[in-house]
Amino acid sequence: MGPRCTLHPLSLLVQVTALAAALAQGRLPAFLPCELQPHGLVNCNWLFLKSVPHFSAAAPRANVTSLSLLSNRIHHLHDSDFVHLSSLRTLNLKWNCPPAGLSPMHFPCHMTIEPNTFLAVPTLEELNLSYNSITTVPALPDSLVSLSLSRTNILVLDPTHLTGLHALRYLYMDGNCYYKNPCQGALEVVPGALLGLGNLTHLSLKYNNLTEVPRSLPPSLETLLLSYNHIVTLTPEDLANLTALRVLDVGGNCRRCDHARNPCRECPKDHPKLHSDTFSHLSRLEGLVLKDSSLYNLDTRWFRGLDRLQVLDLSENFLYDCITKTTAFQGLARLRSLNLSFNYHKKVSFAHLHLAPSFGHLRSLKELDMHGIFFRSLSETTLQPLVQLPMLQTLRLQMNFINQAQLSIFGAFPGLLYVDLSDNRISGAARPVAITREVDGRERVWLPSRNLAPRPLDTLRSEDFMPNCKAFSFTLDLSRNNLVTIQSEMFARLSRLECLRLSHNSISQAVNGSQFVPLTSLRVLDLSHNKLDLYHGRSFTELPRLEALDLSYNSQPFTMQGVGHNLSFVAQLPALRYLSLAHNDIHSRVSQQLCSASLCALDFSGNDLSRMWAEGDLYLRFFQGLRSLVWLDLSQNHLHTLLPRALDNLPKSLKHLHLRDNNLAFFNWSSLTLLPKLETLDLAGNQLKALSNGSLPSGTQLRRLDLSGNSIGFVNPGFFALAKQLEELNLSANALKTVEPSWFGSMVGNLKVLDVSANPLHCACGATFVGFLLEVQAAVPGLPSRVKCGSPGQLQGHSIFAQDLRLCLDETLSWNCFGISLLAMALGLVVPMLHHLCGWDLWYCFHLCLAWLPHRGQRRGADALFYDAFVVFDKAQSAVADWVYNELRVQLEERRGRRALRLCLEERDWLPGKTLFENLWASVYSSRKTLFVLAHTDRVSGLLRASFLLAQQRLLEDRKDVVVLVILRPDAYRSRYVRLRQRLCRQSVLLWPHQPRGQGSFWAQLGTALTRDNHHFYNRNFCRGPTTAE
């Protein structure tokens, strides 16, 4: 074992004193290892804590109102854990000790909560104990307003559990008994268990295997959630006293299993059973959820008396026929939202859908969801009852396999704001339907030969780039359909349309300015993920009010060899402000310059600007004509360098420049003066290794600089000092080992954000960056938890405030350890070299010297051997094993009287806990002889072979032949080794006689062979046998 360096007690005392002084002065973050966030929240999430942190008395603990300990490993809560937090109102202990079924590795866990843990916090109002293995409700303070006990192991609720919680308003107990958190039965709510909670307004008991509504619920309830249990019968008595109820969710209790996304129990036949007066007395009900309930019809009497009903969810049922003829909606004049999604017929796609006339009585309806009903034609008659609804704003018809759609019908809806027809099969303007035959009164049509296009992954875009369509008055979503071409007649009567989404289609036509003629009010057009041919110079010029145009991911035409592309249409769009040409692999044969007086944001990421600028001056002024451009994204353009002349030809109005994920290994910082208005520069994800060439120029307006994800390991002193306007600096995920105040100078006081996380900081004793980060800790996000050490190895991955004081050694001790380690290294080099050059000579001399030592040659006495014989045989052969245990063992150990032998058997005498080789070696060397019982000698492997080799090794080392062979079958004599051994040492090879009269002689010969040295058995005509040197 190498030398060990010890710590001087005085050095440790000095370090402890320094740390205590720093904490007393308030320099360290107050709530280490957690982070103090605005509004009194202390965030301790995902820190792998095993106990509740006890914050220092110097910390402003009285100001803590919220404490979040989400996703740690706290298994025991003590009475004193929260006593010092006198103002605590919100406590989150979710995901600390999850039940085995919810644990990622299914490890069992049990959380222990001492009796006064929460009683010691009289101000506590909100407590979250979800996803913890607790079996009973702990003692709680009477100030509690919200309590979450979801996904726990609490299976019984009785009146004693919640006694005194008169202020409780919200109680959540979801998922305590379901397929992910299984139990033997169901959650038991004792009648009247919740009756004492006079202020309870919200109760959630979802996923608990309940078979009936709990009895004697408090009449103050306004929200009752009982979905995904097994309540298949509802009567007026179940909800008798809940007259204040405003929201009732009983969906998923009698499920439609052909559409289930998780384990599902089939609904019993002739169920569910809903009494006609079940909801009639709930006059204040505003929201009713009956989704996934296997409903085939709607009883008009169910909605009798529900004059205030505003939200009705009937999705995932079997109401495909009911939708066309029901009268149940006639009395729901205040209904605002109706969900009928996935009420499809199994394996049937309807040719047409005609809504029942009762839809026309929903005068207050604002949102109608009918996706997943599966009908193939959308015509004027389909939605006829909805035309007269004055407040209808949102209509969802996606995922219906619609292949023929008359889009002009939406022009008759004056108040419509959003129509979603995405994920259908619309391929163009509606054509006459070809009727083939009628089956069961249901019209069938030919389905298109093409399949529904697979939905590709959505591409995330910056929120501050393309406008959100929710801000416009009318939006039509036709994304993820089968459109190949666009004809203007598709959009007849849609002049009011302001936002049109056509992404993820297969549009491959050349747009020439005639496709969108009717859309005179269109302001946003999304054509991403298509195959548009931008050849004509008048593309989109029929849209005079177009403000945002997304042409990203239309790369196929740009990758075709020899095909030109005309981008001059940009100059002819007077209102265009946002344009995306991202991820089109644009590299050649395009317009030499983009021109626009109105464009303020351009996304040109995911192209090949490096090849364009490599063509001399051909594309050098590509962006110069965009006189009003403020935001430019040139990320992922394979740029290896950015010359000053390239920056000089960017618009001078530019304020935000993004150059993420290029290959930039060098940046000329002085060239930033060429962009006088630049405020944001994003260079993340490049290959910068140092900030050593100059510094940020003085007078720059730069406010945000992102250098994350590079390999920066060195920064020049004063590099950021002249950038007086810099407020946000991101240096995360680089190779920085320190953060020096000399980099910033006097401008450090202007920084609002300084991100240095994910750097391999070197946490040496007295590191200056710790003190500097403490001075600017208000600007460093995640300082206690995200800023971590990269070295030394003992601290790698730990917080910079978790420094081990034992690593801080004084100088003398450090030099001593260095000298000892240097000596050890030298010996480590010299010894193997000497062993390689003259190892045999050294070995010979060493053993020659040992031979002269007294008692070296003394042989080990027979009394040192623990066994007379180690019996080796093939356990896989049951006959051999039976002979050893019932014949050999009995004869040698039990029937020889005082001459009984001590045998070593593997299954009886080997020690558990040792390795196989350790037991084998001990058995061979602790036995006088090694007895091999063989039924055959041609295939010897495994334990037999290893034992034989050890016996041979003992022959070489101790010059003792310890092998004795017992042959159970005569044909085993065919082995050459057996024949040779029988000739040299006949008494050590014995054959088991199958005649009873010869067995007595066999046992006598075997006893002699095991008790005498084999040296006496060798045939002197051939050899003398092995001898032991004295």
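Glycine residues also receive a Cβ, built from the backbone N, Cα and C atoms like all the rest.
Given the structure is predicted, the values throughout are model-derived calculations rather than measurements.
Positions annotated as DNA binding site by Swiss-Prot, on the basis of similarity to another entry: 46-50, 71-76, 94-108, Tyr131, Arg151, 178-180, Tyr207, Arg261. All protein chains considered, the CB of Lys180 (DNA binding site) has 12 other CB atoms within 10 Å.
If you look up Swiss-Prot, you'll see Cys34-Cys44 (among others) marked as disulfide bond. In three-state terms derived from DSSP, Cys34 (disulfide bond) belongs to neither a helical nor a strand segment and is classed as coil.
Secondary structure from DSSP puts Cys109 (disulfide bond) in coil. Taken from Swiss-Prot, the feature disulfide bond applies to Cys97-Cys109 (among others).
For Cys177 (disulfide bond), applying a Cβ distance below 8 Å and a minimum sequence separation of six or more within one chain yields Leu155, Cys183, Gly185, Ala186, Leu187, Tyr207, Asn208, Asn209. The DSSP secondary structure for Cys177 (disulfide bond) is coil. Look at Swiss-Prot and you will find Cys177-Cys183 (among others) tagged as disulfide bond.
Sequence annotations record features per position, and here Swiss-Prot assigns disulfide bond to Cys254-Cys267 (among others). Cys254 (disulfide bond) carries neither a helix nor a strand DSSP state and counts as coil.
Among the features that Swiss-Prot reports, disulfide bond is placed at Cys257-Cys264 (among others), with the record citing similarity to another entry. Listed in sequence order, Arg255, Cys257 are the same-chain residues six or more apart from Cys264 (disulfide bond) with CB atoms under 8 A from its CB.
For Cys499 (disulfide bond), other Cβ atoms within 10 Å of its Cβ number 24. Residues or ranges marked as disulfide bond by Swiss-Prot on the basis of similarity to another entry: Cys469-Cys499 (among others).
Reduced to three states, the DSSP call for Cys789 (disulfide bond) is strand. According to Swiss-Prot, the disulfide bond annotation covers Cys763-Cys789 (among others).
Its own atom aside, the Cβ of Cys765 (disulfide bond) has 14 Cβ atoms within 10 angstroms in the protein chains shown. The DSSP secondary structure for Cys765 (disulfide bond) is coil. Annotation comment: Swiss-Prot describes Cys765-Cys808 (among others) as disulfide bond, evidence class similarity to another entry.
Residues annotated as domain 'TIR' in Swiss-Prot: 865-1010.
All protein chains shown were included, and the count of other CB atoms within 10 Å of the CB of Asn63 (N-linked glycosylation site) stands at 14. In the three-state DSSP classification, Asn63 (N-linked glycosylation site) falls within a helix. Per Swiss-Prot, the feature N-linked glycosylation site maps to Asn63 (among others); the stated evidence is sequence analysis.
Within the same chain, the residues at least 6 positions away from Asn128 (N-linked glycosylation site) whose Cβ sits under 8 Å from its Cβ are Leu91, Asn92, Leu93, Lys94, Ser148, listed in sequence order. Per Swiss-Prot, the feature N-linked glycosylation site maps to Asn128 (among others); the stated evidence is sequence analysis.
Feature annotation from Swiss-Prot assigns N-linked glycosylation site to Asn199 (among others); the stated evidence is sequence analysis. A simple way to gauge crowding: the CB of Asn199 (N-linked glycosylation site) has 12 other CB atoms within 10 angstroms, across all the protein chains here.
The N-linked glycosylation site annotation in Swiss-Prot covers Asn209 (among others) and is backed by sequence analysis.
In the three-state DSSP scheme, Asn241 (N-linked glycosylation site) is classed as coil. For Asn241 (N-linked glycosylation site), applying a Cβ distance below 8 Å and a minimum sequence separation of six or more within one chain yields Ser216, Leu217, Pro219. Per Swiss-Prot, N-linked glycosylation site is recorded for Asn241 (among others), and the stated evidence type is sequence analysis.
Taken from Swiss-Prot, the feature N-linked glycosylation site covers Asn339 (among others), and the record attributes it to sequence analysis. Neighbour density for Asn339 (N-linked glycosylation site): within 10 A of its CB lie 21 other CB atoms from the protein chains shown.
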Could you tell me the C-alpha distance between Ser71 (DNA binding site) and Asn339 (N-linked glycosylation site) in angstrom, no decimals?
36
Can you tell me the three-state DSSP label for Cys267 (disulfide bond)?
coil
Which Cβ among the disulfide-bonded residues (Cys34, Cys183, Cys254, Cys267, Cys789) has the fewest C-beta neighbours inside 10 Å?
Cys183
Distant-in-sequence Cβ neighbours of Cys97 (disulfide bond), under 8 Å, six or more positions away:
Arg73, Ile74, His75, Cys109, His110, Met111, Asn132, Ser133
CA-CA, which of the recorded positions Cys34, Pro98, Pro108, Asn339, Cys763 lies nearest Cys267 (disulfide bond)?
Asn339
Can you figure out which of Trp46, Pro98, Ser103, Pro108, Lys180 (the binding-site residues) comes closest in space to Asn730 (N-linked glycosylation site), comparing Cα atoms?
Trp46
Just to be sure I understand, if DSSP states are collapsed into helix, strand and coil, how many residues of the repeat 'LRR 9' (282-305) fall in each?
4 helix, 3 strand, 17 coil
Suppose you look only at the repeat 'LRR 8' (242-267); what would the mean pLDDT be?
92
For the recorded positions Ser103, Asn209, Asn566, Asn693, Asn730, which one has the sparsest Cβ surroundings, going by other Cβ atoms within 10 Å?
Asn693
Determine which residues of the chain contact the repeat 'LRR 19' (573-597) at the Cβ level, with the cut-off under 8 Å and only residues 6 or more beyond its ends counted.
459, 461, 465-467, 523, 528, 540-541, 543-555, 558-559, 562-567, 603-608, 611-612, 615, 618-619, 621-629, 633, 636
I'm trying to understand the geometry here, so how far is the Cα atom of Pro98 (DNA binding site) from the Cα atom of Cys499 (disulfide bond), in Å to the nearest whole number?
46
